[in-house]
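Taken straight from TrEMBL:
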{"type": "ACT_SITE", "residues": "Asp71", "note": "active site"}
{"type": "ACT_SITE", "residues": "Asp401", "note": "active site"}
{"type": "BINDING", "residues": "Lys41, Glu42, Asp71", "note": "UDP-alpha-D-glucose binding site"}
{"type": "BINDING", "residues": "Lys207, Asp231", "note": "Mn(2+) binding site"}
{"type": "TRANSMEM", "residues": "511-530", "note": "transmembrane segment"}
{"type": "TRANSMEM", "residues": "551-576", "note": "transmembrane segment"}
{"type": "TRANSMEM", "residues": "596-617", "note": "transmembrane segment"}
{"type": "TRANSMEM", "residues": "624-643", "note": "transmembrane segment"}
{"type": "TRANSMEM", "residues": "655-674", "note": "transmembrane segment"}
Amino acid sequence: MNQRWSMVQYRTYPNKLLKRLKTESELPAVDMFVTTADALKEPPILTVNTVLSLLAVDYPANKLACYVSDDGASPLTFYALTEAVEYAKRWVPFCKKHGVSVRAPFMYFSQTSHICNSFSSEFLTEWKKMKSEYDELSKRINEAVSSKSVPYPNINEEFAAFSRMENRDHPSIVKVIVENRERSIGGLPHVIYVSREKRPKHPHHYKAGAMNVLTRVSAVMTNAPIIMNVDCDMFVNNPTCFYEAMCLLLGFKSERESAFVQFPQVFYGGLKDDPFGNQLKVLFSVVLAGISAIQGPCYAGTGCFHRRKTIYGFPAEDSKGNFLEFFNGSNEANMEELINRFGHCKELLRSILSIHLNKAGDTLSFESAVEAAHIVAGCKYENNTYWGDQVGWVYGSSTEDLLLSLKLFSTGWRSVYCTPQPPAFLGCAPSSGPETLLQQRRWAAGQLELFVGRHSPLLSTITKKLEIRQCLAFLSIWALRPIPEIFYSILPALSLLTNTHFMPKFPEPIVLIPISLFVLFNFFGLMEYWRCNLSTREWWNNQRMARINCASGWLFGFFDVTLKLLGLSDIVFFVTPKDERDNDPNADKFTFNSDVMFIPPTTLLFLNLVGLVIIAPKLARGDFNMLLEVLCSAWVVSCFNPFLKGLVRKGRYGLPWSIICKSGALALMFIYICKVHVQGGLI
Ligand SMILES: O=c1ccn([C@@H]2O[C@H](COP(=O)(O)OP(=O)(O)O[C@H]3O[C@H](CO)[C@@H](O)[C@H](O)[C@H]3O)[C@@H](O)[C@H]2O)c(=O)[nH]1
Ligand SMILES: [Mn+2]
């Protein structure tokens, strides 16, 4: 309820913004970050589309720079980008000339493939040319990816940096792919490829580490006061969204109101009625909006505009405040403190100072900036500094986004939720059973890491500026839910197996209490879906998926954190594979593999099935004494319905034998224990 209480919706008026500023040149510069990590799981053609859509946004190009972080250090990604910018030289003017609405070519061409004759012939000719060029481009890139090599004639000295390189053991690579030398409004924004240094013995902190490197590299190169970031699986869907964001960054009296502007994550290619529960529509339209009036929505990791100063850890009340003392003079102590905080790179310190004085702008010539960029992208740069803790993206949680939000709220900042129509960004959600569960596991683990970590919301409420209700919102920790929920799922089976009650006997009037609680709770959930214009089916699918996630992904998230706390293993950020959607007619069927994550739900299903089978004769005799327990059990079985179907289906749509056997053995063991310990049971 707390998370739904303070709903606020902001309406933005980009046209008024332009009237208020004297000229467009008053708009703040924006550094755009794209992260990619694995050229095989994240096809470069997706990253290319992300980048093309960013290069083509409606915003003066001389105010933009696009930084692509490649944690895979893949020559394929680099090659794809170099090819893409050639295409961009024609794509961007085409979009701007014709006011194209979706500027990621793959989406644009798939939406306009049945192009009608109402367009002028001039447009049609250009459209056809752009489309065939794009088809060529994607063919070249995909061929390079499937042959795992860059086509020979393209290899030049630029590729030398990638040769004979391990993707986990290499120096930093920074390459300027496009430099908008004239700083012309109509040109292309700068495009810079960054692959940070990686060494096997150095923890790289996954995405949070990549974001910190991007922050520093961009600081020494363009140092825009605003940073926006998207994942490589997300593209700009509404080209005016930069102006929307600026309304909320420039429109408040105090900067404190908008440390960052978050756009909802909306996914493309979602299946009808969301069978995997990964469209997160209610989360983004109800929950994030529902905390908007407390301290604001959390940062969702992508589709967000940050003030650079907040990333550096500047506190909110008075952005000069505490920091001035370090910046004041050139006396030794202050310099030492600065180096302690931000590291030793002079160019970086200078750029931070200019952010502090609100005098952001280009810092160095690109040639010398690239040198500094290599230094700040080094894996040892952060040693003995505040990076990853008080400065930058915080390390220690696989949901680095929540952790950063927590840090900002704790220092008194607020955030703003921006929900324009059409949605500003569209992303891609995991497309199969195992991937969905893995993502949920990572998120659940991340939330719990947050809770037990140094920046715990409870601590931050007591000692810092995190508001109590914002703290409550952080306390909905998925990874703790499996503990009660698994017991609740076992309980009806246990009752049926041992002929004991945990519910009032039917038809005593008191049964109305649990029944009405159950009905009210679910009806409330359903109404929320109706209010969001979602179907009843979608509510059912999503609530069913929540039970499956809980018994599987969230439970393992809990184990992951427990093992981490015991020092037995560390949590790995598994990148979600992003496959290009084909029109697979079976796409809505749940898929399985032999991952242990499938064991708990299968076991729960088996237990309840056995319970129902055992009670069936009694029901047939007209003995409804245990009706409530039967209903509970049936509810559990219907929640795990995709697993029931998995028992009979074949191939990737079927539960593998190994899972069936292991779960069967666990269920039998449980039944055996019941039999031994509960005398007078049915069995
Ligand atoms: O070592 C890594 C691992 C991941 N990534 C990037 O992180 C992004 C998100 O990864 P993805 O596999 O797509 O995870 P999702 O679960 O889809 O991501 C959601 O959840 C993450 C936190 O768990 C957030 O960071 C994301 O913004 C949010 O979209 C992608 O761009 C990756 O390339 C890196 O740059 N380096
Ligand atoms: Mn993703």
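Note: Cβ is positioned from N, Cα and C throughout, glycine not excepted.
Positions of TrEMBL features highlighted on the structure.
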| residue | record | DSSP class |
| --- | --- | --- |
| Lys41 | UDP-alpha-D-glucose binding site | coil |
| Asp71 | active site | coil |
| Lys207 | Mn(2+) binding site | helix |
| Asp231 | Mn(2+) binding site | strand |
| Asp401 | active site | helix |
Cβ atoms near Lys41 (UDP-alpha-D-glucose binding site) (within 10 Å, other residues, all chains): 15
Count of other CB atoms lying within 10 Å of the CB belonging to Asp71 (active site): 25
Neighbouring recorded positions, C-alpha within 10 angstroms of Asp71 (active site) - of Glu42, Lys207, Asp231, Asp401: Lys207
Set of same-chain residues at least 6 away whose C-beta sits under 8 angstroms from Lys207 (Mn(2+) binding site): Thr35, Ala37, Gly301, Trp393, Glu400, Phe573
Per Cβ pairs under 8 Å, the stretch of 511-530, 551-576, 655-674 packing most closely against the transmembrane segment (596-617): 655-674
Surrounding CB atoms that lie within 10 Å of the CB of Glu42 (UDP-alpha-D-glucose binding site), all protein chains: 27
Neighbourhood of Asp231 (Mn(2+) binding site) by C-beta distance under 8 A, where only residues 6 or more apart in the same chain count: Val34, Thr35, Thr50, Gly301, Thr302, Gly427
Packing count at Asp401 (active site) (other Cβ atoms within 10 Å of its Cβ): 23
Taking residues Lys41, Glu42, Asp71, which bind UDP-alpha-D-glucose in the record, the widest Cα spacing (Å, whole number): 12
C-alpha spacing of Glu42 (UDP-alpha-D-glucose binding site) relative to Asp401 (active site), in angstrom: 20
Recorded positions whose CB lies under 6 angstroms from ligand 2, from Glu42, Lys207, Asp231, Asp401: Asp231
Sorted by sequence, non-Lys41, Glu42, Asp71 residues with Cβ within 8 Å of centre, UDP-alpha-D-glucose: Thr36, Ala37, Asp38, Ala39, Leu40, Gly72, Cys232, Val575
